[in-house]
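Structure first, then comments.
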Amino acid sequence: MNQHCDLALSNARVISMTKGSEGYTPSPLCHIGITNGQITALSLEPLQATNTFDCKGKLVTPGFIDCHTHLIFAGSRADEFEQRLKGVPYQEIAKQGGGILSTVRATREATQEELTELALPRLDGLLRTGVTTVEVKSGYGLTIEDEIKMLRAAKALEAHRKVHVSTTLLAAHALPPEYAGRADEYIELVCKEIIPLVAKESLATSVDVFCESIGFNLAQTEQVFQAAIDYGLTVKGHTEQLSNLGGTALTARYGGLSADHIEYLDEQGVLALSETNTVATLLPGAFYFLKETQQPPIELLRQHQVPIAIATDLNPGTSPFADLTMMMNMGCTLFGLTPEETLRGVTSHAAQALGMSDRRGQIEIGFEADLAIWDASHPAEFSYFQGAPRLTARLVAGEFDHV
Ligand code: NIG
Ligand code: FE
């Protein structure tokens with residue numbers, strides 16, 4: 001006799017996303033038992049439970065994980081979009097004090113509560129595409145107070161919606177105007193004041209750096225990574241997005257959770273990733289929106305068995321998309337990924353990119369009951385049809401959120 005559960009999802013066709021092709025193949029009709037927010041039973045036999053929800057043969061996947069977003073910001077960059085359509089490049093706009101710095105100005109003026117409020121409609125877009133965990137970066141504050149304000153605004157989203165928020169400090173996103181010509185001094189502020197305070201107050205679990213000609217160089221990135229490790233935080237990088245500086249290999253060397261963007265990554269960089277557990281996170285929304293032509297090295301990543309994640313990179317400048325399944329579609333059409341790769345990219349591999357692969361991103365006994373129930377029958381549906389949502393419900397830590 002099965003043990004008694006708090007909740008049973010009956011007649012589910014489970015896409016477990018466990019390793020191997022069986023993880024992608026929908027199971028025969030089965031029953032998922034949930035107790036105390038965890039998956040406690042997976043059975044072909046009906047389960048004893050306090051409450052039962054009949055899935056009526058619908059697909060059940062792990063809740064999707066958006067492992068790279070800049071969800072918290074104020075202001076709009078619609079004017080910049082128009083400029084870019086007239087031919088002004090992204091880097092040029094950044095050099096003229098627009099781009100990231102225009103969002104910094106608006107974000108500094110907003111209160112923590114305003115930032116949370118502004119983010120809710122964007123978050124709702126993600127939730128409608130099955131997201132149950134979202135990573136959110138700071139990086140539009142660039143002072144101690146404003147970076148902390150952003151991280152707190154991100155965490156506060158959990159009080160408004162059923163979702164897990166994972167926060168990342170990205171104080172090294174751009175050089176704040178008041179530090180113009182003094183990048184090393186700003187990096188010192190990040191390493192000696194911002195990181196220690198963020199670690200002490202447990203405001204973030206990871207530290208990210210924009211390692212790029214319009215961001216920070218390799219030596220500065222390494223200083224930030226070292227400080228992060230010293231304070232017990234994990235690292236990740238915005239690397240090889242617009243050029244090849246070697247930031248990905250550096251991220252891997254510091255045991256990074258993920259190297260993100262990576263359009264300009266070469267084989268050496270891919271090898272560096274393959275030697276660690278660092279995930280390659282692809283951000284097709286930014287590639288599309290910036291009309292990039294340099295393709296990330298998908299075939300090399302496959303050859304060297306580097307886990308690939310897919311994320312929205314939701315931000316006002318390069319990826320204004322609050323839709324994770326749209327990114328799966330772009331991953332297939334723009335990068336040539338298979339629907340199976342994109343589904344792993346928003347479940348098990350995305351969990352790995354956030355250091356949570358032991359508890360989220362798969363449907364397994366002992367894993368958290370973060371699930372999505374879909375009115376769909378084929379596992380390629382998620383990356384295939386867009387704009388007519390098929391989500392029936394999400395469960396976060398075993399709690400229902402019906403659509
Ligand atoms: O991931 N690459 C740097 N950061 C963001 C863009 C942020 C912005 O333009 O506001 C990105 O693409
Ligand atoms: Fe980003």
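Glycine too: its Cβ is placed from the backbone N, Cα and C atoms.
According to TrEMBL, the feature Fe(3+) binding site maps to H68, H70, H238, D313. According to DSSP, H238 (Fe(3+) binding site) is assigned to a strand segment.
Taking Cβ-Cβ distances under 8 Å and a sequence separation of 6 or more, the neighbours of H238 (Fe(3+) binding site) in its chain are L170, D208, V209, F210, C211, E212, G215, G247, D260, H261. Taken from TrEMBL, the feature Zn(2+) binding site applies to H68, H70, H238, D313.
The 4-imidazolone-5-propanoate binding site feature in TrEMBL is assigned to R77, Y140, H173, Q241, T318. If you draw a 10 Å sphere around the CB of H173 (4-imidazolone-5-propanoate binding site), it holds 25 other CB atoms from the protein chains shown.
What TrEMBL records for Y140, N315, G317 is N-formimidoyl-L-glutamate binding site. DSSP assigns G317 (N-formimidoyl-L-glutamate binding site) to coil, not to a helix or a strand.
Summarising the annotation, TrEMBL assigns domain 'Amidohydrolase-related' to 59-381.
In the vicinity of ligand 1, defined as a Cβ distance under 6 Å, the following of the binding-site residues R77, H238, N315, G317, T318 are placed: H238, N315, G317, T318. On the backbone, the CA of Q241 (4-imidazolone-5-propanoate binding site) and the CA of D313 (Fe(3+) binding site) stand 12 Å apart. For H70 (Fe(3+) binding site), other Cβ atoms within 10 Å of its Cβ number 27. The 6 Å Cβ screen around ligand 2 retains nothing from the binding-site residues R77, H173, Q241, T318.
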